[in-house]
C-alpha cells in the first residue's frame with residue numbers, strides 16, 4: 001500500500017516546539033530572540049532574493065556573451081556550462097523563495113500549498129548547484145594539468161572533449177538526482193486546524209524516500225563539498241605556484257627578447273581584420289606550445305580560473321563547516337536542540353553560495369578581453385539602437 005508523508009507546517013511547528021521543550025531550550029539566546037529572528041528573516045527573505053536576481057541577470061549576460069563570442073575552445077565551453085547551471089540554480093531557488101514568502105511572509109493560504117511547492121523547487125535548485133560544483137572542479141583540473149604538465153595535456157583538453165565532458169556532467173547529476181526527484185508528488189490532504197482540503201507535497205514511499213533522502217543529504221553535505229573543495233584547494237596551490245614561476249620566466253625572456261610578447265591579451269588578435277595581429281598570435285601560440293612556455297593569453301585564462309576557484313572555496317566553505325558540525329553534533333539540525341542556530345547558518349550559507357554564482361561576470365570581464373569586447377559590443381549596440389529610436393521619435 002502506498003505510504004504518504006505530509007509536510008504540513010503545523011506538524012513541523014509542533015515538532016520544533018516539542019524538541020525545544022525536550023532539550024530544555026538549549027538554543028543560543030540571540031538566535032532564538034527577536035533580533036536574531038529578524039536578522040535571519042533579513043538574510044533569508046531580503047538579501048538572498050536580491051542576490052538571486054543579481055545572479056540571474058549576470059548569468060543571463062554571461063550566457064549571451066559566450067554564445068555571441070563563439071565556442072572556439074574548451075574553456076569557453078566550460079564557462080558557458082557553468083553560467084547555465086548557475087542560472088538554473090538561481091531561477092529554481094528564486095521561485096522556491098517566492099513561493100515560501102507567499103506562505104511565510106504574506107500569510108496566504110491558497111488551495112495549492114506554496115510552502116510545500118517551494119521545497120520541490122529547492123531540490124531542483126540544489127541539483128543545478130551540484131552541476132556548478134563539478135564544472136568548477138573540472139575547470140580547475142583542466143587548467144592545473146595544462147600548467148603543471150603542459151606538453152602532455154595542452155592538446156588533450158580539446159574543444160570536443162570539453163563539450164562531451166560538460167554534457168556528461170549534466171547527465172550524471174540529473175541521473176543521480178532522478179530517484180530523489182521522482183519520489184515527489186502533489187496530492188490533496190486535510191489541513192490540521194482548518195479542516196479544509198489543500199493540495200500539498202507528499203512522498204510516494206516514505207521508507208524508500210527516507211533512505212534515498214538520507215543518502216542524497218549525506219552526499220550533498222559531506223562527500224561532494226569536502227571532495228570538491230579538497231581538489232580545488234590543491235589545484236589553487238599548484239596554479240599559484242606555477243603562475244609565479246611562469247611570470248618569472250616571462251620576465252627573463254622579455255629582458256632578453258622584446259619580441260616574446262607578441263600575444264598580449266586574451267586573444268592576441270587586435271581588431272577584426274588585423275591580419276598582422278593574427279599572424280603574430282599564431283606564431284606566438286606555436287612557439288609557446290613547442291617550448292612549454294605559457295603565453296600571456298594562457299596566463300590570463302589560468303588566473304581567471306584561479307580566482308573562480310577562490311570564489312568557489314569562499315562560497316562552499318560554510319556548507320562544509322555546517323556539514324561537519326551536523327555530522328559531529330546531530331542536535332545541530334532542523335529538529336535538533338540547536339535548530340535556530342542551524343537555520344541561521346543555513347541562511348548565511350545560501351547567501352554565500354548565491355553570491356559566488358553572481359560575481360563570476362567580474363572575473364570574465366577583467367581577464368578575458370574577448371568576453372569584454374563582445375560584452376561592450378552588445379551593450380553599445382543596444383544603447384545606439386535606443387538612442388536612434390528616441391531621436392526618430394523626437395524628430
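Just so it is clear, glycine is given a Cβ too, placed from its N, Cα and C backbone atoms.
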Feature transmembrane segment in TrEMBL, mapped to one of the ranges 16-36, 79-99: 79-99
Region 'Disordered' according to TrEMBL, located in which of 252-289, 290-327, 328-365: 252-289
Of 100-120, 163-183, the range TrEMBL labels transmembrane segment: 163-183
Which of 42-67, 79-99, 223-243 contacts the transmembrane segment (305-327) most, counting Cβ pairs under 8 Å: 223-243
Contact call for the transmembrane segment (79-99) and the transmembrane segment (347-367): at least 3 Cβ pairs under 8 Å, seq gap 6+: yes
Criterion met for the transmembrane segment (223-243) and the transmembrane segment (127-151) (at least three Cβ pairs under 8 Å): yes
